[in-house]
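Lifted from Swiss-Prot, the feature list:
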type     : residues : note
REPEAT   : 114-203  : repeat 'Solcar 2'
REPEAT   : 212-297  : repeat 'Solcar 3'
SITE     : 141      : site 'Important for inhibition by GDP'
SITE     : 185      : site 'Important for inhibition by GDP'
TRANSMEM : 17-40    : transmembrane segment
TRANSMEM : 78-103   : transmembrane segment
TRANSMEM : 120-145  : transmembrane segment
TRANSMEM : 174-199  : transmembrane segment
TRANSMEM : 218-242  : transmembrane segment
TRANSMEM : 269-294  : transmembrane segment
């Protein structure tokens, strides 16, 4: 057995909620530069943006984007928006991942045998609910990642200032900009990510190919990351473009998608695919492995605390 052993008592909803948020923050700390590179590649090619996005710099590939940012803006630019990113994960992942099992049990009325329909419904529900809670943090994160440090063109100097500036200049609705594509994206992401992880893990365990241990969690998470990237990339690119756009640049998320298609062609919807996959694949591995271990560690600590002397 590698890592913490599974406990006799299943993890509580609170343990899952806190464990998911904490694990997601750890995953973000490790993979954030890849996410920033993804955002820069996704917005490349826009004729207009809300914040200065180093238009003179041409990004080519994941490594090229990272090296260009380090050379022109410094290493810290790779972590632009990290504070908002951690705020997002603590509120976002806690809901979409931490509540997934509880919502799945609700739809199956407590049955241990959840069908694919119940899993998809649970994933869509928690994904959409998480967006409603965490959208402002996502908007601020994307704005920070998109803006360049070089040449004094930074629009926001701090996370708190970003929230205030957006609310003052664009209204409260500005903080929920891009909610529609984000709801669509996260319903898709959650279904692809959690359901695929669920199914791969169940298949490996039922076929006795692996035990419920780190290698099983690693394999399931990596497979889920690849499937999710393929399915969700088009919506993710539209979401990023729309949230980073200037006031009035796009009338809606649909208008943003049509503009991309007309000006840049279908391939624009898969801009930043490689950093998306590298980020989502590695993020999934770190998050799910950490999440599984945190659940076991927290329940072991809880049981030892409750155990009689």
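If you go along the chain as it appears here, the first residue is 1 and each next one adds 1.
Note: Cβ is positioned from N, Cα and C throughout, glycine not excepted.
Given the structure is predicted, the values throughout are model-derived calculations rather than measurements.
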For the transmembrane segment (17-40), distant same-chain residues with Cβ under 8 A (at least six beyond the ends): 11, 53-54, 59, 62, 65-66, 69, 77-82, 85-86, 89-99, 142, 145-146, 240, 244, 272, 275-276, 278-279, 282-284, 286-288, 290-291, 294-295, 298
Non-local residues, at least 6 beyond the ends, that sit with Cβ under 8 Å of the transmembrane segment (120-145): 35-36, 39-40, 50-51, 80-81, 84-85, 87-88, 91-93, 95-97, 99-100, 103-104, 106-107, 114, 155-156, 159, 162-163, 166, 174-179, 182-183, 186-191, 193-195, 240, 243-244
